[in-house]
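For reference, the structure discussed in these notes is given below.
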């Protein structure tokens, strides 16, 4: 950077000569700190800004110096030299920061790099307390202040007790240079001292101030530690009257409270009094540690006392003649105390709604029923002390009834391949009951339940002839009761249905047809259903058979009966098995074909005769009457000749010769089912069908057969 003044000088030729002077530039601007960049708190400090400038000549400049701390203006001055000093007579921690200097001369500006100055150490804080004389439980308010420091700060308060480590509490203060803390005065705080110190964070390092002045606080007791006593003080035995006394001496009676506790349970309490009394009849349960607590405001003091109560007599023992017995048997209950006879005994039955006294005696005899099952105890009383025995459980059993065994589905049958669920049920008898399931003589399952049990047999085999049975028992002495044997029928589902017909494939209009539906396997009886495949699947015929096949005769077939047929077979397994479909075409009968052909030929012959007649008539008119007679004779002759020759003219089918028709018989082999499983057994059943043969060479011989059926021959 430079700056210049131009001056115009005249020359001999009259022109002006331009010269340059007063040119300057900033080389550097820097900051120096005296005595150093790290200054102790309270020491003097100087911030010096120096501008190094180059000039073209010796001339004066005015320098405007501005010094910033943390980008905030702290000092300004104007100087004729290139130096300026910012004096800090007493450096404080708040003077710590980044300093930067800016110099302006004429229209030029130069700036230094920032320099960090650290004023080490903090000023000493001051501590004040709102009270110098307090009672236990009261609160002291402390104020710690650093008036010469700037936030954020942290204040730490210390509570100092004699012969103990100071207790320190720190409070952050991000916006103020003081902090207030309330401290509770506790029991045993006789003479207290408090002090505090400040803390700040500089470049991620904590710096602590010196500790403040110590403030002394005197503590007085609002009441003395309580005294806890018992009467009698020792040798307390069950049944003795025992009295507790808890007392204290207080400064102010207002809001004082005395509490007596045992195992955190409050036994008694008084308010605005300095003495508490509590009496009770001593029992073994009264042994233990007792606590007397006196409270007033926030102050609290306690005293503990351990009490031992001797046993007067042990707990009684209840003995039963039997704990498990049959209905109507005799039960004897006896209550006793080991080494102690003089007591009042009572026998009790426990109940959820309250104990039921049975007899005020040491012994009880009773003949039991099932309802007498339950828990029994006895009580013994001596000198007003009542003790109860441990409970004794009595179970009374009624015998089980003979169980019944049934199939969960109702009917005693199961589909082959499906699991079988059995239920064994015993109506009478006291639970729990033990059920056992048998398949033949093998025990398959043991179940313990109240009234019934279930068994799932997943291993069902076709030829398994073993029956099922179950037995039941409980703790009654009568023993086991066994059910009747249950035989279960195994239902074999229908398999492989097939459909055939006589005749097969084509049938003449008006003739009859027979459909045969059969299965390879399935338990009887079997329901056979015959369908014609349409949009709505029309059921044509159904029949229940005790064999593996069913026949359906349809006497008259019509043209609309042409279509696809199938059959469906099912039994108690409720599985529908569908056959492969067969197609039946209803064709025109042979005699109907002959009639149609004859009508066609007669029509053609009639048309020819008419044409000839018309031709002759026209010719006759042309030749006159002489030709008319010969034309008529000729026409008559031609007509007679035509009629005589008609059977031998042309090829047409007039239907079969019923007199010469031959009858053929076809033997069909079908299978017969076993009554239970219906396996395939070969037998012979003959189905006869008449087949007429036509003499016409254009007709094929049709043989009667059952086609598409597995048993067809």
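Numbers run from 1 along the shown chain.
Cβ from N, Cα, C; glycine included.
So that you can see what the record holds, here are the features copied from TrEMBL:
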DOMAIN    10-111  domain 'Ig-like'
DOMAIN    226-308  domain 'Ig-like'
DOMAIN    314-393  domain 'Ig-like'
DOMAIN    403-487  domain 'Ig-like'
DOMAIN    493-585  domain 'Ig-like'
TRANSMEM  595-616  transmembrane segment
REGION    691-713  region 'Disordered'
COMPBIAS  691-703  compositional bias 'Basic and acidic residues'
Arithmetic mean of per-residue pLDDT over the domain 'Ig-like' (314-393): 91
Helix, strand and coil totals (DSSP H, G, I; E, B; other) for the domain 'Ig-like' (226-308): 3 helix, 54 strand, 26 coil
Number of helical, extended and coil residues in the domain 'Ig-like' (314-393), per DSSP: 3 helix, 46 strand, 31 coil
